[in-house]
Structure formats: structure tokens, C-alpha cells
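A.B. asks: So TrEMBL lists the following for this protein:
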BINDING   Glu45, Glu70, Glu97, Asp120  S-adenosyl-L-methionine binding site
BINDING   Lys124, Asp156, Thr194, Asn195, Phe196, Glu197  substrate binding site
REGION    126-131  region 'Interaction with RNA'
Amino acid sequence: MTSSHKQDVGKHGFEASDLPPFEDGALDVLKYFGFIDISLPLEIEIGSGKGTFLIQQAPQAPEINYLGIEYAKAYWRHAADRMRRHNLPNVRMLHAEAGFFLRNYVADDSVQQFHIYFPDPWPKARHNKRRLVQEGFLREVWSKLKVGGQISLATDHLDYFAWMEEHAAKVTDLFERHEFVSPESAGEGELVGTNFERKYREEGREFNGMILKRIG
Ligand SMILES: C[S@@+](CC[C@H](N)C(=O)[O-])C[C@H]1O[C@@H](n2cnc3c(N)ncnc32)[C@H](O)[C@@H]1O
């Protein structure tokens, strides 16, 4: 990805390689990322891309701290630079593989919501197993959520949505399924309003979403 100006992640961008050794146990995520008000709940977006959802959502929900995780370095840098330029106090971007970060650094029962919007569909049958949303991942995320917390999922890919439904049906002991509710920042007629959604809307694609709420 190219950019017309020099990008600077400032205090908004963090690298997995700078995280403390994970033998130390769960990280105090809110303190480590320098959120201004650490009494506010934490929501995590996995696969933030260029950061559009968080840039739009964070100012609308100042009562929430948002952490975006993105493993493509150019997108991470682009998103963190945008957050710095918008001077948003309640949003940070981490360059990491989300599963690695969750497993090793995030305390159980600590996250209010996960946002996963337009995850890579891995459409070829032999690649389906690389999909982020699947039973094992849902079980892992469950343990990181607070009771009553939720995962919000959206996709443009019908086969991936059917796959999500199939995997959600395997974890009904952990989650209740609900209809998708768009975030405050979504524009008129949008499900979420991410870059991918806007690009695919022009192609007339159908979008689907669901919410999985932690029980137990
Ligand atoms: C199809 S893009 C969607 C980006 C954005 N959510 C949107 O809707 O515009 C999926 C993004 O997720 C990132 N990603 C996929 N798996 C990831 C993982 N395990 N950890 C962190 N980022 C991931 C990819 O690098 C990519 O930027």
C-alpha cells in the first residue's frame, strides 16, 4: 500500500515485537496501550484493515476503549497514522496476529466486545480451514469475553456466512445468537461502513452479520 505523506504511528501504534515476554502472564492491556481513561471497558477489532470502522466509531463512543489488531504491516501503519492525526484518545492499533495476542496477553473475562468485519474469506475449499472464525477460535474468544459480552461478525461472503452459522451452532453451550445490530457509526443503509463494505456495496453484494453473546 502506498501513501502520499510520511506516516507516523505516534502514541497510537504498537508492535507485537515490543510486547513484554508473555511468560509474565496476562498484560494490563488498558495500561500498556496508554489509554487515557483505563476505567472504561475494552472492545477489540480483529483485522482492522485501514482502520475506518475504529476511526468512525471511537469518537461516537467515548465511553469505550478500542484496540484494533491488524497483521498486515502497511495497513496497521496506515490505520495508526490516521488515529494519531484524528487525535483519538480512546483507540489504539496493534501490529500482531490476533490469535497470538489473545492467547498470550489478554486476561480471561476482560473484553466487552469483539468486532470482526469482513474477515478474509479463504474461498477455496482446501483453504477454508484458514478462516479466522471457527469453533476453536470461538471457544478461545469466549474465555476472553466478560459474561454478557459479545462478538459482532459481518461478511459479504455467503459461503463464509454459512460456515460461521455452522460453527456458531457448535458452541451453543457458550453463546446465544442474536440478530446483527449496526454500530452507531454506520452510515445510512450500511451494516458497519468499513472500507471493504463500501467497496463491495458498489458491486451490489449482499451482506450478512450476526452477534454471538457470551453466556455462562
Ligand atoms: C478482508 S480485510 C477487511 C478489513 C476491514 N475489516 C474492512 O472491512 O475493511 C481482512 C483484514 O484482516 C487482517 N487479518 C486477517 N487475519 C488476521 C489475524 N489473525 N490477525 C490480525 N489481522 C488479521 C488482514 O490483514 C486484512 O487486513
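Any Cβ shown, glycine's included, is placed from N, Cα and C.
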A.B. asks: For the binding-site residues listed here (Glu45, Asp120), which one has the lowest count of neighbouring CB atoms within 10 Å of its own CB?
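C.D. replies: If we count Cβ atoms within 10 Å for the binding-site residues Glu45, Asp120, the smallest count is at Asp120.
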A.B. asks: How many other Cβ atoms are found within 10 Å of the Cβ atom of Asp156 (substrate binding site), counting all protein chains shown?
C.D. replies: 20
A.B. asks: Can you list which of these binding-site residues (Glu45, Glu70, Lys124, Asp156, Thr194) have a Cβ closer than 6 Å to ligand 1?
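C.D. replies: If the test is a Cβ under 6 Å from any atom of ligand 1, the answer is Glu70, Thr194.
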A.B. asks: Quick check for the class: what is the C-alpha distance, in angstrom and rounded, between Glu70 (S-adenosyl-L-methionine binding site) and Thr194 (substrate binding site)?
C.D. replies: 14
A.B. asks: Which one is it: of the binding-site residues Glu70, Glu97, Glu197, which Cβ has the fewest other Cβ atoms within 10 Å in this structure?
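C.D. replies: Glu97, out of the binding-site residues Glu70, Glu97, Glu197, has the fewest neighbouring Cβ atoms within 10 Å.
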A.B. asks: Fewest other CB within 10 angstroms, which one of the binding-site residues Thr194, Asn195?
C.D. replies: Asn195
A.B. asks: Please report the Cα separation of Asp156 (substrate binding site) and Asp120 (S-adenosyl-L-methionine binding site) in Å, rounded to an integer.
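C.D. replies: Cα-Cα, rounded: 10 Å.
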A.B. asks: Restricting to the same chain and to sequence separations of six or more, state which residues have a Cβ under 8 Å from that of Phe196 (substrate binding site).
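C.D. replies: Set apart from Phe196 (substrate binding site) by at least 6 residues yet with Cβ under 8 Å, we have Gly49, Tyr117, Phe118, Asp156.
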A.B. asks: Please find which two of Glu45, Glu70, Glu97, Asp120 have the most distant C-alpha atoms, given that the record lists them as binding S-adenosyl-L-methionine, and give only that distance in angstrom, rounded to a whole number.
C.D. replies: 14
A.B. asks: I'd like to know the mean pLDDT over the region 'Interaction with RNA' (126-131).
C.D. replies: 97
